[in-house]
Amino acid sequence: MITTVIEKIFGTKSERDLKKLKPIIEKINSLESEILKLSDEELKQKTFYFKEQLAQGKTLDDILPESFAVVREAARRVIGLRHYDVQLLGGMVLHQGKIAEMRTGEGKTLVATLPSYLNALTGKGVHVVTVNDYLAKRDRNWMGPIHEFLGLSVGYINREMDNEGRQEMYKKDITYVTNNELGFDYLRDNMVVRKEDRVLKKLNYCIVDEVDSILIDEARTPLIISGPAEQSTDKYEVVNRIIPSLKIRKITEDDEIKAKYSGENLSAGYDAVIDEKNHNATLTEDGIAKAEKFLGVANLYNDVESEWVHHINQALRAHHLYEKDVDYVVKDGEVIIVDEFTGRLMPGRRWSDGLHQAVEAKERIKIKEENQTLATITFQNFFKLYSKLSGMTGTAMTEAGEFWQIYKLDVVEVPPNRPSKRVDGADLVYRTEREKYNAIVADIETLWKKGAPVLVGTRSIEKSEKVSAMLRSKGIPHKVLNAKYHEMEAQIISQAGAKGSVTIATNMAGRGTDIVLGGNPATPQQQAEVVELGGLHILGTERHESRRIDNQLRGRAARQGDPGSSRFYISLDDELMRLFANTSRISGILERMGMTEGQVIESRLMSRQIEGAQRMVEGHNFDIRKHLLDYDKVMNQQRTAIYHLRNKILDGESVSEQVMQMIEEVIHETFDKYYNVKHPQSTDFNTLNIFLQRAFTIDANFSGESIKGKSKEQIDGETFEAVKKAFEERSKYFNEQGVNFNEVERMLLLQIIDQAWKQHLYELDQMQKSVSLRGYAQKDPLIEYQKESYNLYQNMLNKVRDVMVEYIFRLQLPPKRRVSPIGTPSSEGGGETSGADTYSNKKIGRNDPCPCGSGKKYKKCCGADL
């Protein structure tokens, strides 16, 4: 209330922020006549002029007005588009490291050329992040010529590109790339064993297109690079056979409310309870007994190693919470996840913790082995690595609080170039889903007969195909855009504004592509006809959990001052209403009002119920993202330290010094463990000598006689000098044999760190699952996680040190083998052999023979602790 009064008097925060930028707009416009007179060559020379200005001490803000004027003119000459004043405002907001909220059709792609050019002048690189490969390529090919005209290099990344191609593209001044490719490239860069294999430069400045989709919607799923775990997949098939025999109860918001007052036990008489709202599945006492009998296990919870309870819970979720053609599709014998916010397929992404395998078992397709995490990071922590971060979207104000709290990003609402003419109709509410879909199809038919273009938004593939089937039965021609037909996404959505077209699209499929009235390209006559019919009509088949996603769907209509309309259709059977609204109360009210079959209702009560349910879900989803971030913050500090250590090793810092420090620490700890300070003569010298000989290959002959008159520190120091000498002799020997010992140390240390980090991630993952139970003991799980993860991290570092010291002294050169150069006959072919002696630097596998020469497998010998 107070905020509203202040805004009426002083204007909104966005209005106040933009008011400060108006003088700069005037300055840019005043330069336009001067810039217009420049020849193409003179305009290109401005880039060199700006770089000289920066070299002489000017700041980016100092050259902003003229640089924006230059980009505006270059865009006009190269692609025939001139930036509006509001687009200049958007460009300045992005340059300030903020989020610009600009409505659909306001030209956000063109806006990004302004700050990307300005910030690329520093030579440190700019990344423009999009949601898919198509948009990255399209935007590079569309906007890239503007930058290239001005002398900057532009590239883009796609998922098929190899390492060399990526390196080349990231060297460009401006690179268009998807959020997933960028994040995975960062993780892969921190797994390489040669610095030449890294692809990214320092993360300087980033512009995130559709910033709400990337930093909010996708933030619930961390990026994970994984490798196969040494576990069998048999249990998934066994457990999958149990599920059909279990009696299931699904509980809703209504059930919980009733049980709260009646004291009813919701699980009584059932084997498992499915909580759709919180996406959980739990076995009851009856279910546990039934599962134990089926598996032949005395106690499910005592058999911790086999994780039967975990497997059963994941199978329950797979069968009752994850729906085919809603949450995933089965394509070419694979389960492919469907992005719940965009409706797009996500090939290559897999649910973790055995859930993906449980879904594969449910669909009776080949179960792929469970993966173990090798590297992981959340989008929250990844994008915070940039020196400056900005973003743009059509819908950000509803999440402004989260953007500030998580990313410290301010949101500024940029006004449209022309006032919106969109008419947003009130929600139409029906009692049942059947009545709702009949009404939707009837309205589509009415609009289609008039020739008005219609875009129907659905939440899932299943619902889009249901509407499609109903339209086919009516003989209404239409196009379907969902994850099954995503290849034609941009083409289908761009024609959604054509006269008489009916397009069905899941969620925000086609986002980033303009819908031009009359079709694309449209003739003036076609455009005028569609304008006369009221423009594009948006019909939403149900409300999304987030108001922001609903606003995105509405925003597809009425771009750049065009006419258009939007309306949502709701039933009490909709997922949002069923799970989060008190539908029994609403249903009772509707019955008392005497609602008949097919009758529609519009009321403030319904609107309040819907908005209340959406706010509840938004709060719930924010808590999930915050929970993920709280735990990842702990890991992030450790990840940063490990990656920093790896980069120091890769970048050529002396590994020998680090190894000598490790050796010294191990020697100190050895004497602390074995040497009896109070009674030196009582020291177990035999054990001490054996350990020193085994660990450091030195002949230690300590005895009560040899240590007389010496302090522990003296003996410690003498031992270190002897070990140091042995180490230097090993180094000399390797080098004499033509093997760079420094490189051996580097490769070895990297492999040990990587193995230890992989194991550490696994232990953190297991520990995070277990600490949640400590809440029952009145302990904060997050604090417990922080304490234990610190201890695990210290143990990991000690393990790296101990294994490195032991390994470096046991490492032996393999027998030399002659290698024939390419093109020369081998000795087996009767010809002479020629070539240099070579040694394999291949990464050691867990099942490979241990290089120390023991004859054992690596995992049973030097790699046993990793």
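One is the number of the first residue shown, and numbering goes on along the chain from there.
Just so it is clear, glycine is given a Cβ too, placed from its N, Cα and C backbone atoms.
Predicted, not measured: the structure shown is a model, and the values here were computed from it.
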One of D443, D514, D550 listed by Swiss-Prot as binding ATP at the site of Q87, G105, E106, G107, K108, T109: D514
Which listed residue (E106, D514) has most other Cβ within 10 Å, given these are binding-site residues: E106
The one of G105, G107 whose CB sees the fewest other CB atoms within 10 Å, among these binding-site residues: G107
Residue with minimal Cβ packing [other Cβ atoms within 10 Å] among the binding-site residues Q87, T109: T109
Spatial neighbours, same chain, of K108 (ATP binding site) - Cβ under 8 Å, 6+ residues apart: G90, A100, M102, D209, M392, T393, G394
Any further residue of that chain within 8 Å (Cβ to the Cβ centroid of Q87, G105, E106, G107, K108, T109, D514) of the recorded ATP site: M102, T104, L110, V111
